[in-house]
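Here is the structure we will look at, set down as structure tokens.
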Amino acid sequence: VEPNATIREIRLMFHKLYPRWYPARQSIKLDPKGKSLRDEEILQHLPVGTTATLYFKDLGPQIGWTTVFLIEYTGPLFIYFLFYFRMPFVYGLDERFTSSPHPVVNLACICHSFHYIKRLIETVFVHRFSHGTMPLRNIVKNCLYYWGFAAWLAYYINHPLYTPPSYGKKQINFAVIMFLLCEAGNFSIHVALSDLQRNGSKTRKIPYPTKNPFTWLFFFVSCPNYTYEVGTWISFTIMTQCVPVGLFTLLCFIQMTIWAKDKHCTYLREFKDYPSLRMPIIPFLL
């Protein structure tokens, strides 16, 4: 292997020798317990001498991230409608195909649908994935999470015995405004992150605020897309005043905090000039 060979080229060489393990299925490391090397890394720039030992790990069958997201987000969209339209097998024959007398139920369906339609559009037209694939086995776990929670939320929000929020229209209107602002912010951040990887570049860069006011949250946090995402579900909780939605929001916050901390640490490790004021997900706190 030439000293100027990239990890991607080494993966392709390995694939020629062992066709079973295509590049996306390979994890190449300098240390068995270390992190996988990135495709663009060059052998002679790694902390090795004139000879190097690389360790291979089989990541198992892979599936593209675009396909993953399309499957994950299409499910909740249609599952919610089964409860909203009160299919006969959901609440019983007496309540089949009936509509709720509470306008907030219709509004919740619109907001929930809008959220996942936005995600599907972003998956196709906005997102650029630095890692092209995910282990196939994870798709079942991810779908159980998204699809299962969508069914749980929809069951209670569209239930014939559902009661509207305590403070009526004021609470609902506040939640809707908050929901739309957070959705706009989340979309703006995804567009800004996508612009960093124009022309197919996979080199990690520091994201900075743009002229779009929604991106100004980059002044204070490393992952404002997660901040806005949590805000979206907090507003949906306020709008519906439903305990299952609140529990889902809490789990979202915990998971996204973990992701944000991991990304924040990666930024700090890779960029010595990374803005010191930024926190992972909540300005000045967390």
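One-based numbering along the chain as shown.
A Cβ is built for glycine as well, from the same backbone N, Cα and C atoms used for every other residue.
As written in TrEMBL, here are the features:
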type     : residues : note
DOMAIN   : 1-58     : domain 'TECR-like N-terminal'
DOMAIN   : 133-286  : domain '3-oxo-5-alpha-steroid 4-dehydrogenase C-terminal'
TRANSMEM : 63-85    : transmembrane segment
TRANSMEM : 144-162  : transmembrane segment
TRANSMEM : 174-193  : transmembrane segment
TRANSMEM : 213-228  : transmembrane segment
TRANSMEM : 234-254  : transmembrane segment
Contacting positions for the transmembrane segment (234-254) when only residues 6+ beyond its ends and CB under 8 Å are counted: 104, 107-108, 111-112, 115, 149, 152-153, 155-157, 162, 164-166, 171-172, 174-176, 178-179, 182
Contact between the transmembrane segment (174-193) and the transmembrane segment (213-228) (at least 3 Cβ pairs under 8 Å, separation 6+): yes
Contacting positions for the transmembrane segment (63-85) when only residues 6+ beyond its ends and CB under 8 Å are counted: 97, 105, 109, 112-113, 116-117, 119-120, 123-124, 127, 129, 131-136, 139, 142-143, 146-147, 149-151, 153-155, 157-158
Reported mean pLDDT - the domain 'TECR-like N-terminal' (1-58): 89
